Amino acid sequence: MLSFLSSNLSNTRQSIAQVLNFALVLSTAFMLWKGLSVVTASSSPIVVVLSGSMEPAFQRGDLLFLWNRSPRAEVGEIVVYNVKGKDIPIVHRVVRTFPEVEGKKEKTVKEVTVSTPTPPNMLLTKGDNNLADDTELYARGQEFLHRKEDIVGSVRGYMPMVGYVTIMLSEHPWLKSVLLGIMGLMVILQRE
(Lines of atoms letter the chains of each structure in order from A; the text may use other names.)
(Lines give C-alpha, C1' and ligand atoms only; values in the text may rest on other atoms or scores of the structure.)
Protein backbone atom coordinates (compact mmCIF):
# COMPACT_ATOMS: atom_id res chain seq x y z
CA MET A 1 0.00 0.00 0.00
CA LEU A 2 2.80 2.37 0.89
CA SER A 3 4.65 1.66 -2.36
CA PHE A 4 1.47 2.43 -4.34
CA LEU A 5 1.15 5.84 -2.65
CA SER A 6 4.81 6.69 -3.16
CA SER A 7 4.68 5.83 -6.88
CA ASN A 8 1.51 7.93 -7.36
CA LEU A 9 3.08 10.81 -5.44
CA SER A 10 6.20 10.52 -7.59
CA ASN A 11 4.10 10.57 -10.79
CA THR A 12 2.15 13.58 -9.52
CA ARG A 13 5.35 15.44 -8.67
CA GLN A 14 6.81 14.61 -12.06
CA SER A 15 3.65 15.82 -13.83
CA ILE A 16 3.66 19.06 -11.85
CA ALA A 17 7.37 19.54 -12.65
CA GLN A 18 6.66 19.07 -16.38
CA VAL A 19 3.81 21.59 -16.30
CA LEU A 20 5.97 24.09 -14.41
CA ASN A 21 8.86 23.62 -16.88
CA PHE A 22 6.49 24.24 -19.78
CA ALA A 23 5.10 27.35 -18.03
CA LEU A 24 8.67 28.56 -17.45
CA VAL A 25 9.50 28.23 -21.15
CA LEU A 26 6.35 30.12 -22.17
CA SER A 27 6.85 32.89 -19.62
CA THR A 28 10.51 33.31 -20.60
CA ALA A 29 9.57 33.65 -24.27
CA PHE A 30 6.88 36.18 -23.36
CA MET A 31 9.30 38.22 -21.22
CA LEU A 32 11.91 38.23 -24.00
CA TRP A 33 9.29 39.43 -26.50
CA LYS A 34 8.05 42.19 -24.19
CA GLY A 35 11.61 43.21 -23.33
CA LEU A 36 12.45 43.46 -27.02
CA SER A 37 9.28 45.51 -27.52
CA VAL A 38 10.36 47.98 -24.83
CA VAL A 39 13.92 48.30 -26.15
CA THR A 40 12.79 48.87 -29.76
CA ALA A 41 9.70 50.94 -28.84
CA SER A 42 7.71 48.77 -31.23
CA SER A 43 4.61 46.73 -30.50
CA SER A 44 5.91 44.11 -32.92
CA PRO A 45 9.73 44.22 -33.05
CA ILE A 46 9.99 41.21 -35.39
CA VAL A 47 7.76 40.69 -38.45
CA VAL A 48 7.67 38.34 -41.43
CA VAL A 49 7.37 39.56 -45.02
CA LEU A 50 4.07 38.12 -46.27
CA SER A 51 4.09 39.16 -49.94
CA GLY A 52 6.46 39.84 -52.82
CA SER A 53 5.74 43.58 -52.95
CA MET A 54 9.23 44.49 -51.69
CA GLU A 55 11.22 42.26 -54.04
CA PRO A 56 14.14 42.33 -54.74
CA ALA A 57 14.98 44.00 -51.39
CA PHE A 58 13.05 41.46 -49.31
CA GLN A 59 11.56 38.12 -50.33
CA ARG A 60 8.42 36.48 -49.00
CA GLY A 61 9.33 34.74 -45.73
CA ASP A 62 12.18 37.05 -44.70
CA LEU A 63 12.27 37.89 -40.99
CA LEU A 64 12.62 41.65 -40.32
CA PHE A 65 13.92 43.34 -37.18
CA LEU A 66 12.31 46.70 -36.44
CA TRP A 67 13.32 49.84 -34.55
CA ASN A 68 10.79 52.55 -33.68
CA ARG A 69 12.78 55.11 -31.69
CA SER A 70 13.39 57.61 -34.52
CA PRO A 71 10.99 60.59 -34.40
CA ARG A 72 10.88 60.91 -38.20
CA ALA A 73 11.00 58.60 -41.20
CA GLU A 74 12.93 59.72 -44.25
CA VAL A 75 12.43 59.10 -47.96
CA GLY A 76 13.97 55.75 -48.90
CA GLU A 77 13.54 54.24 -45.44
CA ILE A 78 11.72 50.90 -45.29
CA VAL A 79 8.92 50.94 -42.72
CA VAL A 80 6.31 48.50 -41.45
CA TYR A 81 2.82 49.87 -40.90
CA ASN A 82 -0.64 48.65 -39.96
CA VAL A 83 -3.73 49.85 -41.80
CA LYS A 84 -6.44 51.15 -39.48
CA GLY A 85 -9.00 48.41 -38.86
CA LYS A 86 -6.70 45.61 -40.06
CA ASP A 87 -3.95 43.81 -38.19
CA ILE A 88 -1.74 42.82 -41.11
CA PRO A 89 1.71 44.44 -41.12
CA ILE A 90 2.74 45.89 -44.49
CA VAL A 91 6.42 46.38 -45.37
CA HIS A 92 6.99 49.21 -47.86
CA ARG A 93 9.43 52.03 -48.63
CA VAL A 94 8.76 55.70 -47.85
CA VAL A 95 8.59 57.56 -51.18
CA ARG A 96 7.45 60.96 -49.90
CA THR A 97 7.19 62.86 -46.63
CA PHE A 98 4.96 65.80 -45.82
CA PRO A 99 5.17 68.44 -43.08
CA GLU A 100 2.37 68.45 -40.52
CA VAL A 101 -0.61 70.27 -42.05
CA GLU A 102 -2.94 72.34 -39.87
CA GLY A 103 -6.46 73.04 -41.10
CA LYS A 104 -6.44 70.88 -44.22
CA LYS A 105 -9.66 72.50 -45.46
CA GLU A 106 -8.09 75.97 -45.37
CA LYS A 107 -4.94 74.63 -47.09
CA THR A 108 -2.65 76.34 -44.58
CA VAL A 109 0.68 74.87 -43.64
CA LYS A 110 2.15 75.39 -40.19
CA GLU A 111 5.35 77.40 -40.33
CA VAL A 112 8.27 75.57 -38.77
CA THR A 113 10.86 77.73 -37.01
CA VAL A 114 14.12 76.81 -35.37
CA SER A 115 12.62 77.07 -31.87
CA THR A 116 9.63 74.88 -32.78
CA PRO A 117 10.11 71.15 -32.09
CA THR A 118 10.23 68.96 -35.18
CA PRO A 119 6.64 68.31 -36.28
CA PRO A 120 5.51 64.73 -36.67
CA ASN A 121 5.81 63.76 -40.30
CA MET A 122 3.30 62.21 -42.62
CA LEU A 123 4.42 59.56 -45.09
CA LEU A 124 3.48 58.12 -48.45
CA THR A 125 4.74 54.57 -49.03
CA LYS A 126 5.09 52.19 -51.96
CA GLY A 127 6.28 48.62 -52.42
CA ASP A 128 9.45 48.36 -54.55
CA ASN A 129 7.74 45.77 -56.75
CA ASN A 130 4.46 47.73 -57.06
CA LEU A 131 3.55 50.16 -59.84
CA ALA A 132 1.54 52.62 -57.72
CA ASP A 133 1.85 54.09 -54.24
CA ASP A 134 -0.09 52.72 -51.25
CA THR A 135 -3.00 55.17 -51.08
CA GLU A 136 -5.32 52.35 -52.17
CA LEU A 137 -4.10 50.21 -49.25
CA TYR A 138 -4.67 52.88 -46.60
CA ALA A 139 -7.95 53.13 -44.68
CA ARG A 140 -10.87 54.80 -46.45
CA GLY A 141 -10.28 58.57 -46.60
CA GLN A 142 -6.64 58.28 -45.52
CA GLU A 143 -4.14 59.81 -47.94
CA PHE A 144 -0.95 59.31 -45.95
CA LEU A 145 0.44 57.59 -42.86
CA HIS A 146 1.15 59.36 -39.57
CA ARG A 147 4.59 58.45 -38.23
CA LYS A 148 3.43 58.08 -34.61
CA GLU A 149 0.03 56.49 -35.20
CA ASP A 150 0.48 54.09 -38.10
CA ILE A 151 4.14 53.05 -38.22
CA VAL A 152 5.12 49.89 -36.32
CA GLY A 153 8.83 50.43 -36.96
CA SER A 154 11.65 50.93 -39.42
CA VAL A 155 13.57 47.93 -40.74
CA ARG A 156 17.07 47.69 -39.23
CA GLY A 157 17.99 44.12 -40.15
CA TYR A 158 16.70 40.88 -41.62
CA MET A 159 17.23 37.14 -41.84
CA PRO A 160 16.34 35.61 -45.21
CA MET A 161 13.66 32.88 -45.37
CA VAL A 162 13.59 32.25 -41.58
CA GLY A 163 9.99 33.45 -41.29
CA TYR A 164 8.70 31.06 -43.93
CA VAL A 165 7.72 28.63 -41.16
CA THR A 166 5.17 31.22 -39.96
CA ILE A 167 3.72 31.53 -43.46
CA MET A 168 3.42 27.74 -43.78
CA LEU A 169 1.63 27.50 -40.42
CA SER A 170 -0.87 30.22 -41.35
CA GLU A 171 -1.53 28.83 -44.85
CA HIS A 172 -1.92 25.22 -43.64
CA PRO A 173 -3.88 25.16 -40.34
CA TRP A 174 -3.61 21.37 -40.07
CA LEU A 175 0.18 21.72 -39.86
CA LYS A 176 -0.23 23.95 -36.80
CA SER A 177 -2.39 21.29 -35.12
CA VAL A 178 0.15 18.56 -35.91
CA LEU A 179 3.05 20.59 -34.50
CA LEU A 180 1.13 21.51 -31.35
CA GLY A 181 0.20 17.83 -30.88
CA ILE A 182 3.82 16.73 -31.25
CA MET A 183 4.98 19.40 -28.79
CA GLY A 184 2.29 18.37 -26.30
CA LEU A 185 3.29 14.71 -26.57
CA MET A 186 6.94 15.61 -26.02
CA VAL A 187 6.05 17.51 -22.84
CA ILE A 188 3.85 14.69 -21.52
CA LEU A 189 6.26 11.87 -22.38
CA GLN A 190 9.42 13.65 -21.24
CA ARG A 191 11.18 11.90 -18.36
CA GLU A 192 13.93 13.47 -16.31
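Placement of Cβ uses the backbone N, Cα and C atoms for every residue, glycine included.
Sequence annotations record features per position, and here Swiss-Prot assigns active site, charge relay system to Ser53 (among others) based on similarity to another entry. Sequence-distant neighbours of Ser53 (active site, charge relay system) (same chain, 6+ apart, CB under 8 A from its CB) are Ile90, Val91, His92, Gly127, Asp128, Asn129, Asn130.
Here Swiss-Prot flags His92 (among others) as active site, charge relay system, drawing on similarity to another entry.
Counting only same-chain residues at least 6 apart in sequence, those with a Cβ under 8 Å from the Cβ of Asp134 (active site, charge relay system) are Ile90, His92, Leu124, Thr125, Lys126, Gly127. Per Swiss-Prot, the feature active site, charge relay system maps to Asp134 (among others).
Looking at the region 'C-terminal short (CTS) helix' (178-189) alone, the prediction's average pLDDT is 82. Swiss-Prot lists 178-189 with the feature region 'C-terminal short (CTS) helix'.
Among the features that Swiss-Prot reports, topological domain 'Cytoplasmic' is placed at 1-18.
As annotated by Swiss-Prot, topological domain 'Lumenal' applies to 40-192, with the evidence given as sequence analysis.
Residues annotated as transmembrane segment in Swiss-Prot: 19-39.
If you draw a 10 Å sphere around the CB of His92 (active site, charge relay system), it holds 23 other CB atoms from the protein chains shown.
Listed as Cβ neighbours of the region 'C-terminal short (CTS) helix' (178-189) (distance under 8 Å, sequence separation of 6 or more from its ends, same chain) are residues 18, 21-22, 169.
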